[in-house]
């Protein structure tokens with residue numbers, strides 16, 4: 001099994017990514033195990049922030065690194081919270097704080113104007129100076145509920161309605177979420193890209 005560093009401090013992402021990556025033969029080590037401090041997310045896009053995080057962790061650990069930058073884009077809010085999803089309610093906001101702020105912002109918004117999507121950008125940096133990191137994007141369409149449902153997942157999962165399953169993301173079984181989610185889709189693309197490079 002190939003060791004790879006996961007460049008995030010978000011424990012929900014660590015659990016979900018470790019589970020997804022183990023399916024593809026990777027031994028995932030969280031950056032916290034190497035005492036890697038969080039990188040300053042100074043980018044203006046998911047791609048920029050993912051590259052910043054991946055390069056930062058690769059420089060410190062000397063190992064290949066995968067970084068994930070993801071977020072929720074709500075049409076009614078002109079794409080917010082977007083790249084600020086993890087800190088929508090403030091710099092050290094909890095998942096609950098962010099979720100509640102979003103529910104307040106969407107209060108009284110009609111059902112046909114609650115469309116939203118999750119985005120996930122994954123970057124694989126083979127080493128800190130990798131000139132051609134692998135960049136993959138996954139998207140998951142849904143809408144914002146008026147109240148939380150379910151106890152699985154993390155972040156905005158309890159208020160993200162999944163039309164094809166007729167439930168909230170937080171009500172999905174983990175195996176099904178892997179198949180549908182923005183992160184699962186981005187990982188499928190990432191491993192396809194890795195396989196293609198191995199055969200070049």
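Each position is counted from 1, following the chain as shown.
Glycine is no exception: its Cβ is also placed from the backbone N, Cα and C atoms.
According to Swiss-Prot:
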BINDING   8, 9, 10, 11, 12, 13, 70, 154, 155, 156, 157, 177, 182, 183  substrate binding site
BINDING   69  Mg(2+) binding site
ACT_SITE  69  active site, proton acceptor
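Counted over all residue pairs in 8, 9, 10, 11, 12, 13, 70, 154, 155, 156, 157, 177, 182, 183, the record's binders of substrate, the longest Cα to Cα distance measures 21 angstrom. Long-range Cβ proximity for residue 10 (substrate binding site), meaning a same-chain Cβ under 8 A and a gap of 6 or more residues, is found for 86, 154.
It is 9 Å from the Cα atom of residue 69 (Mg(2+) binding site) to that of residue 8 (substrate binding site). Within the same chain, the residues at least 6 positions away from residue 12 (substrate binding site) whose Cβ sits under 8 Å from its Cβ are 95, 153, 154, 155, listed in sequence order. Long-range Cβ neighbours of residue 8 (substrate binding site) (same chain, at least 6 residues apart, Cβ-Cβ under 8 Å): 14, 17, 30, 31, 53, 67, 68. Residue 70 (substrate binding site) falls within a strand when secondary structure is assigned with DSSP.
Spatially close to residue 157 (substrate binding site) yet at least six residues away along the chain are 150, 168, 169, 170, judged by Cβ distances under 8 angstroms.
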